[in-house]
């Protein structure tokens, strides 16, 4: 596709992808993916092949699997120009999800934009735990604290038809994005969106069955060491958990006590080194009974859950 300045040789203009006569200068789907994978690997991407596939599929308006059923098709010049710009920005550190405007989470599409935290695969473990708790209940009233893109509230409500959520965030931009994602999945009537700090917007309401959250939990001193794509592009508000990473978590544990029913569940995502500290903070409240820590696919502590006595 070119050298380090991300340039491509010229091919005949026309449809985005077609069976154009091939030459040495033709850029097929497969050739573009191979070149981009190598280029992004050299530029430090941790997932160069996936990045290349997601961006090219977005430009061509395809599902990723179609790249492999059209591997030899030639990509036209206009599509290559759009793709080249995405590759350039990715090489400069911009997250792929922001470049293509979406991210898959728990098999659902979520639109994302700068200013809104990109959903992570690890956060899907919170959904799994919610659905396990909720499956035995005819109805579930729940709160998603720090909803961001709305991925937790939307995924939980989508997969549990009797669940109703209040989704809270300090960021108006995040709430706007979350509302759009709820509408995309026909959940507008089952998710209420409120702007405010942690559980303050629902204070005084009848107690809830479940409170879920992926709170900011990265210690402030570690922010600078984050991958550039995260540090320089994603919202600090959704990342920085204060000096020890637990400033928000500690408040949330305490604030949830009066807002959970007896038998209600608090389900929190945590950073893997924080398991003991978070469990100690929950244990300091006699109103809770701790449940076993849930580990992610790499065996790291990822979700802590407690039941309101």
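From the backbone N, Cα and C atoms, a Cβ is placed for every residue, glycine too.
Database features, via TrEMBL:
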- 146, 147, 148, 149, 150, 169, 214: S-adenosyl-L-methionine binding site (BINDING)
- 214, 215, 216, 217: substrate binding site (BINDING)
- 32-101: domain 'Release factor glutamine methyltransferase N-terminal' (DOMAIN)
- 131-222: domain 'Methyltransferase small' (DOMAIN)
- 1-20: region 'Disordered' (REGION)
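Feature annotations (TrEMBL) mapped to structure.
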{"residue": "146", "record": "S-adenosyl-L-methionine binding site", "DSSP class": "coil"}
{"residue": "169", "record": "S-adenosyl-L-methionine binding site", "DSSP class": "strand"}
{"residue": "214", "record": "S-adenosyl-L-methionine binding site", "DSSP class": "coil"}
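Remark: secondary structure over the domain 'Release factor glutamine methyltransferase N-terminal' (32-101) totals 50 helix, 2 strand, 18 coil, with classes taken from DSSP. Of the chain residues outside the substrate site list 214, 215, 216, 217, 146, 213, 218, 238, 239, 241, 248, 249, 268, 269, 270 have their Cβ within 8 Å of the site's Cβ mean position. Whole-number maximum of the Cα to Cα distances across the S-adenosyl-L-methionine-binding residues 146, 147, 148, 149, 150, 169, 214: 11 angstrom. Excluding the listed site residues 146, 147, 148, 149, 150, 169, 214, the same chain places 116, 117, 144, 151, 152, 153, 167, 174, 178, 238 with Cβ atoms within 8 Å of the centre of the S-adenosyl-L-methionine site Cβ atoms.
Of the binding-site residues 147, 149, 214, 147 has the largest number of other Cβ atoms within 10 Å of its own Cβ. When the binding-site residues 146, 147, 148, 149, 150, 169 are screened for a C-alpha within 10 angstroms of the C-alpha of residue 216 (substrate binding site), the residues that qualify, in sequence order, are 146. Taking Cβ-Cβ distances under 8 Å and a sequence separation of 6 or more, the neighbours of residue 215 (substrate binding site) in its chain are 145, 146, 241, 248, 249, 252, 268, 269. Across the domain 'Methyltransferase small' (131-222), DSSP classifies residues as 35 helix, 25 strand, 32 coil.
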